Amino acid sequence: MSNPAWSTDPRTRRSWWACWMVPHSVVMGGNSGQTGIHTYKSLTEECLSDSVDPPKRPTGRLVMHSMAMFGREFCYAVEAAYVTPVLLSVGLPKSLYSVVWLLSPILGFLLQPVVGLVSDHCQSRWGRRRPYILTLAVMMLFGMALYLNGDTVIAALTADPRKKLIWAISITMMGVVLFDFAADFIDGPIKAYLFDVCSHQDKERGLHYHALFTGFGGALGYLLGAIDWAHLELGRVLGTEFQVMFFFSALVLTLCIIIHLCSIPEAPIRDIAKDIPPQKAPQNPLLSSDKIFEYGSIEKVKNGYVNPELAMLGGKNKNLAEKAQRAMTMKSLLKALVSMPSHYRCLCISHLIGWTAFLSNMLFFTDFMGQIVYGGDPYSAHNSTEFLIYQRGVEVGCWSLCINSVFSSLYSYVQKTLVSYVGLKGLYFIGYLLFGLGTGFIGLFPNVYSTMVLCSLFGVMSSTLYTVPFNLIAEYHREEEEERRQALSGGPDSCGRGKGVDCAALTSMVQLAQILVGGGLGLLVNTAGSVIVVVITASAVALIGCCFVALFVRYVD
């Protein structure tokens, strides 16, 4: 299931300083045990002395990095505006709707951590994250091409009505699932990429820019989707409004992804001996400099800066590293997730609660506007007054979601000022509280103008979900890095978890929320007989989330 506000959204545990690991057999393999231990200590001390934070990134580079979120959210908004009309136009049976909406989040929830783990060990020359971002962006483009153009292509290829129906439904379903799958997945690598190449202060700035451009992208997508392209020249040239929106979506996403990939350099896993001055190389013959390998993602800048995360030393170490990468299986992934510290687990639960509340409201909001606020009837004849009133309510609901996107951008900018007064705990609590109260008032007192005004509170919640949880993860990692520095520890276990795994674990809560909402709310609406129960449920879940973020989520002073 997808919605432009679901930008998952969507992250790290490896130290910025190099963890130079030497196995016991190598450390003790010198002329004496004391020599081996001394070698290990000296390597650790040298590593600490050479470790520096990534350089400060210019604002322009962080804005370029945020363009991926702009492009993704623009495409999400287009999907939200057109996917239902497309599915209806190809004749999709109602029995298959649940398959379309649930298949993508189920796949995402199961595979998102796997992709995060694999990206932690990617050896591409492009770096660890960018190959996955590019691949997922191409999948998004292909998915949009299928669901926006599939019916037209099939109609041109076959005249048999039965074959046309079957192929059109199959292609459209495949396109929707593929697009949702890729769009949900891409958020994790984008966040991990930001965390890899930025200092702590730049991570915070980057997350705010991500939320800012997420709102702008959604608002622009809604605005273009609200235009009646069929009666304009561009619509007549390209064929239908579906082709017009594919043209804009493909253009915006392509440009945004290119800008994003060129924003901040990312280095591959490579021979670190080229980046370390000769006098820094270890002198022990068992640890010769020509056998040193880097595991990192920060590019060496022009002044000679290099920031490796992990170096496997010596011939034996190289073999061990290769075996370790081959052993990255589902078992190792589950072990990493199960061993997640309790404060990470609580943060994931709070993220799940927040997204469940948010998606519960967003899924049925336009239907709520058409049926409850405007009093229309979606099941009456299409030429009836009741149905036209319902359509008018849906249109106003789309404009309300545009208000949500714009206010999300504005609030993400205000957050930078508010955080110095109320802290991350205050921001987290306020976001859940305002959303819970706002949806509660909308459900209890449905009115056109008050509902549109209170939609601005949806923007507060979406901006909160895009920034605060990932700021907290960055705080957790910084605290752990400081502890490792003070303890002078850098053993294998301390580098066992990667940024990709943690980002993916948090982002996968969005998919789990989609599964819960898609599987449960339909039954809830059928039981209650009205979509107003959805808004009340969203309010109740958000207020429960207020208590959870205040009592159970850990905040770093």
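Backbone N, Cα and C atoms are what each Cβ position is placed from, and that goes for glycine too.
Automatic prediction, not curation, is the source of TrEMBL annotations.
Given the structure is predicted, the values throughout are model-derived calculations rather than measurements.
If you check TrEMBL, you get these features:
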{"type": "TRANSMEM", "residues": "98-119", "note": "transmembrane segment"}
{"type": "TRANSMEM", "residues": "131-150", "note": "transmembrane segment"}
{"type": "TRANSMEM", "residues": "165-186", "note": "transmembrane segment"}
{"type": "TRANSMEM", "residues": "207-224", "note": "transmembrane segment"}
{"type": "TRANSMEM", "residues": "244-264", "note": "transmembrane segment"}
{"type": "TRANSMEM", "residues": "352-374", "note": "transmembrane segment"}
{"type": "TRANSMEM", "residues": "394-414", "note": "transmembrane segment"}
{"type": "TRANSMEM", "residues": "426-445", "note": "transmembrane segment"}
{"type": "TRANSMEM", "residues": "451-474", "note": "transmembrane segment"}
{"type": "TRANSMEM", "residues": "503-525", "note": "transmembrane segment"}
{"type": "TRANSMEM", "residues": "531-553", "note": "transmembrane segment"}
Contact between the transmembrane segment (207-224) and the transmembrane segment (451-474) (3 or more Cβ pairs under 8 Å, separation 6+): yes
Which of 165-186, 244-264, 451-474, 531-553 contacts the transmembrane segment (352-374) most, counting Cβ pairs under 8 Å: 531-553
Positions whose Cβ lies under 8 angstroms from the transmembrane segment (426-445), at least six residues beyond its ends: 350, 354, 357-358, 361, 415, 418-419, 451, 454, 457-458, 460-461, 463-465, 467-469, 472, 532, 535-536, 538-543, 545-546, 549-550, 553
Stretch with greatest number of CB pairs under 8 Å, the transmembrane segment (98-119) reference, 165-186, 451-474, 503-525 candidates: 503-525
Tertiary contacts of the transmembrane segment (531-553) (same chain, 6+ residues out, Cβ under 8 Å): 343, 346-347, 349-350, 353-354, 356-358, 360-361, 363-364, 367-368, 371-372, 425, 428-429, 432-433, 435-440, 442-444, 446, 461, 472, 521, 524-525
